[in-house]
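Copied over from Swiss-Prot:
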SIGNAL    1-23  signal peptide
MOD_RES   Q24  pyrrolidone carboxylic acid
CARBOHYD  N39  N-linked glycosylation site
CARBOHYD  N44  N-linked glycosylation site
CARBOHYD  N106  N-linked glycosylation site
Amino acid sequence: MKYTSYILAFQLCIILGSSSCYSQDTVNKEIEDLKGYFNASNSNVSDGGSLFLDILDKWKEESDKKVIQSQIVSFYFKLFEHLKDNKIIQRSMDTIKGDLFAKFFNSSTNKLQDFLKVSQVQVNDLKIQRKAVSELKKVMNDLLPHSTLRKRKRSQSSIRGRRASK
């Protein structure tokens, strides 16, 4: 995996140590530059509805929204990776990636690396499929709210204890 393009853009965020290394005006300008490059302000872009906004509007609870946002952020990182050789929009993409990194990953390089690692797992590889199925139960248990999991473990322990005493 190539992290160099991400790491270079994000090192400034880490060095500055701020929650956001770019002013919102700078990020907005770079987004407008990308819109211009892709002609994304054209009226036909909205044909068929929004790509992500309607989905985001459905989810109000922060934990639910984070799940959807992680998929959307993954899409943008894949888009920027696909366009990485385009010198015309490189600065805009680097600025936006840096801001996404600061906001979504709280400037944590480890979180970013794990996120990229998970998003780049190949599902058509048999070895990967076998590992994924092997880990499925633990992943499913990790999805449970921790208080429910503890209650279940406690009740299973007390049931086992009663059976042993009979």
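Placed from the backbone N, Cα and C atoms, the Cβ positions cover glycine too.
Worth saying up front: this structure is predicted, and the values here are computed from it rather than measured.
Mapped onto this structure are the features recorded in Swiss-Prot.
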| residue | record | Cβ neighbours (10 Å) |
| --- | --- | --- |
| Q24 | pyrrolidone carboxylic acid | 9 |
| N39 | N-linked glycosylation site | 9 |
| N44 | N-linked glycosylation site | 7 |
| N106 | N-linked glycosylation site | 10 |
Where Q24 (pyrrolidone carboxylic acid) falls in three-state DSSP terms: helix
Cα-to-Cα gap, N44 (N-linked glycosylation site) vs N106 (N-linked glycosylation site), nearest whole Å: 35
Nearest-integer angstrom distance between the alpha carbons (Cα) of N39 (N-linked glycosylation site) and the residue listed as 'pyrrolidone carboxylic acid': 22
Per DSSP, three-state class assigned to N106 (N-linked glycosylation site): coil
Alpha-carbon distance [N106 (N-linked glycosylation site); the residue listed as 'pyrrolidone carboxylic acid'] in Å: 16
Secondary structure at N39 (N-linked glycosylation site), reduced by DSSP to three states: coil
